[in-house]
Structures are given as structure tokens and as C-alpha cells.
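Student: Okay, handing you the structure first.
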Amino acid sequence: MSSTTRPAAEPRPVQAAPPPGADSARTRRIGRIRRTLTPYGFLSPTGVLLIILMITPIVMVVSYSLLDRVITNKNPAFVGFENYLEVLTDPVFFTAVRNTLVFTISSVIVHFVIGLAFALMLNSPLLKDRTKAFFRVLYILPWLFTVAIVAVLWRLLLSPNGVVNYLLGTAGITDGSTEWLANPSTALAAVTFINIWSGYPFFMISLLAGLQGIPRDLYEAAKVDGAGVVAQFRNVTLPQLRPIIISMALLDFIWTTQQFALIWMTTGGGPINSTEVLSTFTYKLAFTEYEFSVASASAVLVLLMSMVLAFFYVRHQKARD
Amino acid sequence: MTTLATRARTSEQPVLRTPPKKTGQRAALVVALVLGACFAALPVVWMLSSSFKTNPEIFEFPPRLITPGFSFDAYTTILTDPTKLRFFFNSYVIALSVTALSLVVAVHAAYAFSRYEFWGKKTINVVVVSVQAVPPITLLIPYFGLVVALKLYNTYQGLILTYMVFTLPYAIIMMTGYFNTLPKELDEAVKVDGAGPLTALWRILMPISVPGLVSVGVYTFMICWNEFLFALTLTRTEDMRTVPIGIQLLMGQHSYEWNEMMAMSILGCIPVLILFLFFQRYFIGGMTAGAVKI
Amino acid sequence: MGRVMGKGAHVGRFIALTAVASLALAACSGGGDADTGSDSDSGEDVTLEFSQWWEPELPDGAFRELMDQFEEENPGITVDLLSGPYASTKEQVVAGAAAGTMSDVVGLDGAWVSDFADQGAITDLSAVMSDAGYDESQLASQVKVDDKTYMIPVVNFVYPMFTNDALLAGAGVTAPPATRTEFADAAAKITTDSTYGWILPLSLEAPNGIQNDVMSWVWASGGSMLDDGQPALTDNEDVTSATDYIQGMWDDGVIAPGSFTMKEQDKVEEFSNGRVGMMIDSLAHVNLIRESNPDLDFSISAIPAEDGYTGERGIPYASWGIGIAENSEHKEEAFKLVEFLMSESVNSELSSIANAFPGNTTSVPDFVEEDELFGTAFEIYQSGFPANEFTGLPVAEQLMRDFGEEFQKALDGQQSMQDALAAAQTKWEEEF
């Protein structure tokens, strides 16, 4: 498309004086084709990259999921949906789904609540700009560390002889001997807490930005109507932030369902299987049982669930346009 | 401080200010902020404190913030080890390249999504969003085979392209949102003058999108800076490793170098922190427009 | 650029640019050393890749020095050391084997061997050894799958019992316990508000606590968890008595808290800090404990056996094993490196710097004579037999994890120990 069009002038729909006769129809047709093709041109680098480096491996994973014992078996046979059956009849899979949902949904909700609370505080007109900048830097800190170190740090903090127990014990809140990560009844909550700590800054920053984008006159109008602080928050702030909240929540949901390293390096999916999530379940299938086919089937199931989410996400986008 | 915030503040001052009640509210707010800061920063303070301790002191009970063994040894060890410095260098090269390249590619895709209606738009959109959802751990093996086949194994290019693929969906989503907030008349005006869409994009939209670009850029940078799994698998030799692998190399089979791990992650976060300080006024502003209309 | 140029031209040029850029990327990458030993001419110089996690574990530069020595003795062969984090070595080998980019020589753990052999990732060393006319009798052990050797343990880390003698003395225990009753008794006496008798890491991320801290009790009394190579966890008096014994100590509260997520690295930190009286641990930790806490008064003994047991005691061990990639084009040279590492003097030296016991029967590491503690350990090692039944089993790590989950459930009171063994047995039978 590029070689022939170089000298051709841009058709100018607004201006008069169309080029003579037969030529004009042709130019217009080329123009139309060009217009149709332009977006694809813009998308082509993305397309090339995603197709080669993302879609190809995904397709390979899908095909693995239909074969028998890939990787370990040199000539795997086609087994249809047998691997899916194996995943779906494994009770641990459902434990993993349940834990993933608990982990993800509570993470997303608390990310949102903390993120919004911090954003509101950091946006308060009562504070000096410098104070806000200072706290903003402090509040962003958890975001700056690689997962491995977050896991190691919190293992230290939450160990039975760790700082958290020491502080709680000294303050008399607990007896100071809680096994946060090693007790099946607190492990999932502890891991979720760590994930909340390490993930809220993303929400906070986005919401903070959103708050600053809300036109001031909306608040003034609300005040004229006699709305108090709470009513202003409910009737102006929340509705204005809604688009951000929904898209952030969806992105966060997708990202959190994939959280692997954090859980693996703190509890390894244990104790027993109280923190077993889909990612640790899949990892174990692949790298300790060498069941790459079954692991692929499990991954494809996760992909399908996420595609449903993605679909709603895009629809939501459309609805707002 | 951010120009946006300043502007917002000055504009509302006359309306909101009712002095007598304010002092109490301000005090309550500061208390809340400090509490929040404890939640956010105390673990990091502990990390910092541990990086100055000797290994056994880290496990001392009752714990102390500053111990007799206080020293900068862990930092000296890292900063005088050329192998570890190389990890930092690699992380910079990769993270900066990905940030630049991802932005350039994403901006064009976002422009298409924002300014054109075309066949398959919705489907492509679903794909872009949902490819983020495949558990990376299962992609590892096919992906690795692919990278080897493309002769990208153990190269910067391999990692750069990989991270581009990981960060593009997010960057596209955010930039599309950002462009959506900019009036279409802007680029239409240029096109009327006979310029192509690329001119509209680069000459008109890009300069006013700097905040959006910065916010997406910082996020992209952080993803690359912290990624472990693919950095490990797609590189082989020590001179290609990145910082997260350097940290994990300190977690041995039998024992961990706790203080060096902590020191290395503190060192690792400093450049990102500086970057954030430098860009934060854009960052806050950028997310505004981008996020509002995703 | 500008007014005259059409949209199409812009977009087209953009595509062309992208294409050129990707080509350029692909071209540059050719410069990277992407493929493994593509030059197969044996007359040419050969570069062996050796991936392992040992180098970072050893004193700085020590392992490289050994490689330099090898290169000097074998002109024409250079060794490229590729080091990775221990915890991720396995993923790298699996992915490398699947893509055919595995290093020529790889460091292995006994728990992985069966799986890698199955995958066709590592080569049959029996064949290589007979081709090279190698004298196998000097090897302390070989890890076999279907009667073929796939891994040779280069050095072994044994796991004796460590006791904090000051804590024991303070509790009125004068000698390290030698039987289970004595051990449980000592553990109970040591346990106070802040100290515990024993420490038991059962993390499911790194489930080797099952091997080193649980099954070791079975092996120390001459028991076995297998019967003719098949799992035998039920109707097995040796296993039942050991697990019941541990359950008993658990219920008595003499085991340090945090077991369910604790790893080997945590165990040693708690012991060094004097919060735990006894542990079963790798000799590799001796120097670390001494560095961490120079004042700690500790000693090493054999793992306690059942009361009245007089036979040889099995002592658990972990190895740094070595194997050769199936797709290596330099198997002959690769084996020279294996031979070098297994030779008497080099093996002695490597054992010395790693604080491990040699894989060559004739090697004697320096520390055995110089250091009393290691001397004792060497005696324990020689008077017993190295026992690690997980080595060479299929999906060994998963077996440990399966067992670990059921064991945790039993300790947590969700099922009886008998049910736990039965459940683990069922899971194991599926894996075999």
C-alpha cells in the first residue's frame, strides 16, 4: 500500500474543485480503502508482536491441553478433553478456585477501599502541597519491590518470632505467638493481607488522579443544594470515579488471579491446601508432577474465565462511549 | 508539587475555607495519614533496618530497629561486586528500552482504537485485554521454545520483546482512554490541512499527552524492573541477568544472605523512587485524564 | 513529512519501519551466543556449558578456580559456568530440555533425576562411563533409573542431629539423646516459653523437610518407606512408629511454632539464635552457625533410633549431583569434566570448600582431620549408611509434598495419622 501512494495528494473532502472525471472516482476509492486500512496499519506492530509472542504460545498451550503428556512424551497422542476432565474432577482444583476467588475478591475490594481512603486523604485541601507530596512518596513505597523480596520480608515480619507478633504481644492485643502463615485458618488471610499491602498503590494513584479530574463546580453545585460532606462524596465523588473504579477493579482482578510468586514463596500453597490458588495448582502440575498437558488444560480454563471478564470489560467500555 | 493540585487547591480555597472547624479536622487527618503511613512504610523501614544488620541479628527476639552490628557492609558488598552492578545495568537497559518501545507501539494502537471504527475492533479489544490473563507460568515452556527458535535466547532483545508483549495491553488500554479524553476536533483540524493521521498523532496529540505517556511509562518501567520468571528463563549467562534474579541468587540452597537481599532491593528501589519523584507531577496529572475514560 | 504526503504513505512507512526494526532485532540477536555448542568438530576447541547452583554457594571464585585447573589439564576445552538460583534450577532445566538448549553438564538434585531421565533430558551415564573405560568402583554412589546411571553424586551433605549443649545442660540433660525416648524427654525438658525442643520445617514450597526431618526417623532405625521399590506407608511398623512419635511430640508442644511454612533456611536461623535445642540439619550449616553465633555451644550426633535398636543407622543426605545433557554434542568432553570433579584430589578439595562429604570413596576432605566436629560427623557417616529413599523416585518432590499435606492435616487434627498414611499411600501409588 505504501509504494504506490507516495505522490498522491490527500483527497480533501471539505474543499471543492474535485480532480477531473474518471480519475476522481479512482482516487476516492483509493481514499476509502486507505481510510479502511489505516487503523489496521496503526495496529500492525502491536498485532505482529502479540500474534508472534503471545497468541502463538497461547495456541501452543491450547494444543498441549489436548494432547497426552506433552514435553515428557516424545510423541504425544491426541486425547481430546481428557485433560480437562482430569482437572475438573480434581477436588483440589475447586479448592483452588474458591481460594483464588476469596484471595482475589478481597484483595480487589480492599485495594479499592484503602486506595480510595488514601487518595481522599492525599487530595484533602486541608494539607499543604509539600505535606501531600511527602505522604504520597511514603504511600507509594510498597509498589517498588520485586515480589521475591516482598515475600521474604513478610515471612520475616509474620514469623512466630517476628516483629508483628512482638508488637501485638507487647501491646497486649494478642498473646504474641500467632503463626500467621503457618496456621491453616489464618494463612489465606495473611497472604491476602500481604497482597493488599503490595498492590494498593496502583489503585491509590489512579483514584488520586481521578479525584483531581472531577470538575469543582459539581461540588459547588452540590453545596448550593445543601449537600453535606457525605452526600457530596456519595453524589459527586463516587459517580465521577465510577469509570476508573470499574476498569481498575477489572484489571486488578485479572492481575490478582495470576498472583503466583507471592503465594508460592510465602506458603507454597499450604498449610495443607489453605492457600492453594489456581496459579500454584497449575505450577505444581507443570513443574513438580510434569503433567504439562493437565497444567495447560488448567491454564486454558483460567484463560476462558478471564475472557468472560474481558468481554464484560469491553462491553462496559462500549456502553460508556 | 503538582501544578494540577495547586490549581485545584487555589480554586476551591475561597469556597471551602471555614477556619474554626478546620484545625480539629486537620489534626484528625494528619493522625489518619500517619497511621496509613505506618501501614505503608513500616515494613519498608524494617527492610532498611535489616539491611544494616548482621544475618543473625535479623532473627533476634525481641527485635530491635538498630543493632550493635550496624554496618553498611551489605551495601559495600553489592556496590563493589561488578557482577551485581551488571545486574543493575541490565535492568536499566531493558526497562528503559521497553518503556520507550512499548510507548511508541502502544500509542499507535491506541490512536486506532480511539479515532477509528473498524471491522473487528471489539474482538481485537477482547483479545488485548484477555491475553493478560494467561498464567505466565504455563506460557513458560512454549514461550521459551519460541524465543530459542527466534534466536533471541539470552539476549537483551529477547527480554525486551517479551516485556513489550506483557506491557502493551495495559499501555494500549490506558493510552486509548487518554486519547478518548482529547477532543477529536484537534486532529480533524490538522487533517483538513491535508496532513495524514500520523502527523495529527505526532504533532498534535503526542505533545499534549505527555502526562499520559509518563504515567504509562512509569508503570511499564516498574513491571520490567521487577519481573523475575521470564528474566530467569530467557537468560542464561550471568552478564545477562537482572536485579530480581540477583536478589534470588542470594537465596541459597542452605542459607540466605538476608541483609544483602534487603540491601539489594533497597538499592533497586532508589532509582524508581527518584523517577517517581521526578515525574510525579505528570504522573498524577497523567492518570487523571487517562483513567477517567478508559 | 507534511502536507503533501498521504495517510497511506505514513502508515505504510510506519509498517515498513516496524518490519525493518524487527528484522534488525532478529539480526542482532544472531550475534548473541544463542545456540549450544554448534561447532561439533572434535578437533576444534570445545566450550562446555556447566549449569549449576553451586558456584554462588561456595566461597567467591573457588569453583571457577577448579574449572581453571580443569581447562589447564585439558587444553582445548573451556568451561562456561552458568549459575542460577537453587530454587529455580529445576524450571530452567525442564524448559531448556524441552527447547533443546540445555547445558552440556548440569548440576542435579537426586529428587529430579527420575523425571529428567523420563523426559529424555539427561543421558545414560552408564554407557558414557563404559565408553570412557571409567573405573566406577571409586564412586561412593550412583543414582540409577531402570538400572542405568543418570546422576553421580559429586559431594553429599549429610543430615545428623545438632544439639545446643548449653540448652540441654541447662535443662538437666547431660548427653545428646541417642534414643527416641531420650530425645522426646530432652525436648520436653528444654521447652519453655521462649525455647523449644525440636524444630520441624514442613513448608510445601520446598517440601524436603519430609525427607530430612520426618523420614530420617524411619531410616535412622533401619526402616524403609518402600517395599520392593513400591510405596509402603501403610501396614509398615517403621513408618507408623516414627510418625506417631512425631505426632506425640507435636501434641506435647515441644516443636517450635511455624512448622507448616518453615524451610530449611529458617530452621538454622532459629537454632543459631538459641531458641531451639535440637534439629536434624545439613552439615553444610556448621560454618554458618559458627559465624552467626560464635558463642553457641553445639555438637553433632547420630539421629536417635528406636529404643533398643542396635543395627546401622541410616543418615539422610542431599547431594550435589552431576549429569550430562542428552542433546550435548560433547558428551566425551563433558564426561572428562565429570571425571575431573570425581577424581580423588579435586573431589577432596571440593568437599572441603563445600563442607560436604566426598562422592569419591578414596577422597578425604581436609576438615575431617582439622575440625573435631566434622571428624565426629565423618565417623557417624561411616558407621551408618547414607539413606535417602526419595532419590531416583519419580516426581520425588511431589511425593514429599503429597505426604507433607496429609501429614500436616494429621498434625492439625483434621485426620488421624493412620488416615494420613493411608491417604499418602493412595496418592503415592498413583504417581508410581
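Every residue gets a Cβ built from N, Cα and C, even glycine.
Copied straight from TrEMBL:
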REGION    B:1-20  region 'Disordered'
TRANSMEM  B:27-48  transmembrane segment
DOMAIN    B:88-279  domain 'ABC transmembrane type-1'
TRANSMEM  B:92-114  transmembrane segment
TRANSMEM  B:126-150  transmembrane segment
TRANSMEM  B:156-179  transmembrane segment
TRANSMEM  B:200-222  transmembrane segment
TRANSMEM  B:261-279  transmembrane segment
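Tell me about the setting of these features in this model.
Tutor: Same-chain residues lying 6+ beyond the ends of the transmembrane segment (B:126-150) with a Cβ under 8 Å from its Cβ atoms: 158, 162, 166, 168-170, 172-173, 229-230, 233-234.
Within the chain, the transmembrane segment (B:156-179) has long-range Cβ neighbours (under 8 A, six or more residues past its boundaries) at 90, 93-95, 97-98, 101-103, 105-107, 109-111, 113-115, 128-129, 131-132, 143, 147, 150, 205, 209, 212-213, 215-216, 219-220, 223-224, 227, 230-231, 234-235, 240, 242, 286, 289-294.
When Cβ-Cβ distances below 8 Å are used as the criterion, the transmembrane segment (B:261-279) is approached by residues 47-48, 50-51, 74-75, 77-79, 84, 88, 91-92, 214, 217-218, 221-222, 225, 243, 246-247, 250-251 of the same chain, each at least six residues removed from its ends.
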Student: Which sequence positions outside the transmembrane segment (B:92-114), separated from its termini by at least 6 residues, show Cβ-Cβ distances below 8 Å to it?
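Tutor: Contacts with the transmembrane segment (B:92-114): 121, 125, 156, 159-160, 163-164, 167-168, 171-172, 174-176, 178-180, 197, 201, 205-206, 209, 213, 216-217, 220-221, 224-225, 242, 271.
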Student: Who are the chain neighbours of the transmembrane segment (B:27-48) in space, where the CB to CB distance is under 8 Å and they lie at least 6 residues beyond its ends?
Tutor: 65, 262, 265-266
